[in-house]
Amino acid sequence: MGGCPDRLEAAQPAPEARGVAVVTNPERWLRVVRDAADAPPLDPPADPPQSAEEDMPDSREIAVRDPAELAPLEPTRVWSPRHTIDVVVAPISRQVDVIRHEHGGVLRISAKATKASAKYGVLGLSRAAGGWWRWVTAADHEASMATKPELVEAVRARRRKVSLWTLGTGVVGDGVLWFFMDWPWWGGPAILLAVTATAGGAAEVIIRRRQAVQDITEEGARDIGRHPSGKAIRQIFVGAKIARRVEQVKVIAPGVVRDGDAWTVEVELPDSVTYSEVAKKRAKLAAASGRGIARMYVDPVPDHEGRCRLWSPDRDPLSELKVDCELKGRTTAVNVWTERVPLGRTVRGLPMGFHMAGRSWLVGGEPEAGKSVACNILLCFAALDPYVQLWLVDGKGVDLLDYEDLAHRAVLRPDPEGAYDLVCEVIEVMEERGAQLKARRVKKLTRELAEDLGWSMLLFHIDELAFFTTHEEWGKKITGKLRDLVSRGRFVGIYNSYATQRPSSKVVDTDLRDLLSIRFALRCLTPASSDMILGDGWSSRGYNAQLIDASQRGSGLLWAEGTMPVTGRTGFLDDPDVTRLARTAYKLRKAAGTLPVTDTHPGRLLLTACVAACGDAEKIWTADLLPRLAHDPAWTHLADDPLELARLLRPYGIAPKGQDIDGNNRNGYRRSWFVEALDGLIRR
Ligand SMILES: Nc1ncnc2c1ncn2[C@@H]1O[C@H](COP(=O)(O)OP(=O)(O)OP(=O)(O)O)[C@@H](O)[C@H]1O
């Protein structure tokens, strides 16, 4: 004998096998096909079949033959071109002796079969009982319990009645058979039990096989697809362990709908589960639906904490290599009062941006997350408006070099003291502007008012904030001043922008952070860092910049005051783009006459010379001023030309007027006019 098969159905002998034992019905019959190579071969039949396949007796074929054809325990020879085999068919009780002798393994198989039958019988019974209980309690209608309880109750009552009637009929039938036909009283229940156990057991086997096939052949949970059913949605909530049963989750009408290249659905959560809890399990929901986290978004439903909205795009929208920046190639002036900063695109393909007027922003993230690109978008946007002043501080000293010629003030070196002085200077401007507004009894700055007052909007940007705020000597002083600047600056047209690589409470004081109304969290190393930028608690609600794919540089969460954070990716600007935009900004500013006043600015040189020529005197006649100016080689040409001096001073609002000195009235100027004009020019 070549060996016994391990499984009851494995009846086909392998070509090289010398024989096989086949158990077809372990309850009653056991058939053994064994090799009988040592037995004398039979004479071939008169008309032997042409092919071996045609003739070779299939063990199944043998198994289906009527056992009565074969005498119990009498080996029957079957001719085959390749083998001569004996077939033994016997009732199991007698077979056991034979088998024990030659085929001990088969005994094991019978024992296994009996055990399996018992196991599947019990499982089948419990499955059938469970199914009946779910049916009678109308578990399939539980989803409607909240909306139509009376309908569910009616179904339950009807099913209870059907169950009782079935049971009653069975009992009566059994009684009749017992009474009239000598039927044993337990016959009915036994048949019911056997049928139920067999049917349930068979179902159990089929379910397990299907499961086994899935386990083996599938690579894991399959993608939920482009238009999943409501049931599939409910199942992912069970898979993510948010609900225990699908019935606990309700899909709200109109169900799953397509939304561009995505599907979306509103779901009512199981009792006592809140949106915030689900948001934390976003990754689990993604896993249960066979998708990556970048393709599963959980949004709140306004005014209902017990519901959430899933939004799942067909592909990761942030995986695009680059998002084009709207500013790229722009040659016309920007108006920061009316236009939004075009930061990039949200995952839903919508423009991502914000209004700069009245806002201050913080951008943070791990090294190489894309902070410089994000800041460049804001800085280029501001630079392209000729009427916005740029005041810049950069700890690295190289990132902002493109803006050097455009910046009204800049500390582009790792100089905390210089940065502190600049913060103090901008606070002075803030105080002055505040005083002017107070004098006009105005509370809020508008575009018209700013134009009327001749104020430029001022963007105060610090790159590498950590370098300055963590400095041993200057850090605390700078942080204190920044808090003041951020809280009051926006009322007088001064807006702040800070970028930092290490978002922690040491770097960004939480009081300062809370005053910044726009926050952009690029990829962070920890949820705590993400919270440090967006604000406490956002990561636990699912808005966590740590979850951003490391390869998706420039992707982040943008939070603007009063809204939920949105995920998106910044438009891409490379270094040549920034240089080009800075050149355009320079031209626009030159045309508008708003380039910063440098030490070599002609107006600044003339006014400084005039102040010096006045000395300590407040009033000076033109006739005295001209020769004094002419001492400076730069102004000798003015010596005899009062009209030319008047022409040069006109752009600064200065015109000669009669000046009374010691009772003599002649044309002249006042020192205070020059000082004020110089101040205005520097601060412009
Ligand atoms: N929106 C974007 N799309 C594609 N690539 C981007 C985007 N933003 C940034 N990158 C790429 O990511 C890399 C890092 O960008 P960036 O220099 O802005 O990071 P950073 O956070 O400023 O880095 P560091 O902290 O080291 O200064 C660069 O190679 C840049 O090209």
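Just so it is clear, glycine is given a Cβ too, placed from its N, Cα and C backbone atoms.
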Residues flagged as transmembrane segment in TrEMBL, choosing from 162-180, 371-389: 162-180
Region 'Disordered' range according to TrEMBL, out of 34-66, 199-231: 34-66
From 186-207, 604-625, the residue range that TrEMBL assigns the feature transmembrane segment: 186-207
Listed in sequence order, residues with CB under 8 A of Glu368 (ATP binding site) and six or more positions away: Arg553
Site with most surrounding Cβ atoms, counting all protein chains shown within 10 Å, from the binding-site residues Gly365, Pro367, Gly370: Gly365
Contacting binding-site residues, sequence order - Glu366, Pro367, Glu368, Gly370, Lys371, Ser372 vs ligand 1, Cβ under 6 Å: Pro367, Glu368, Gly370, Lys371, Ser372
Cβ-Cβ distance under 8 Å to Glu366 (ATP binding site), same chain, at least six residues away: Gln501, Leu522, Arg523, Cys524, Leu525, Ser529
Chain-mates of Gly365, Glu366, Pro367, Glu368, Ala369, Gly370, Lys371, Ser372 with C-beta within 8 Å of site centroid, ATP: Gln501, Leu522, Arg523, Arg553
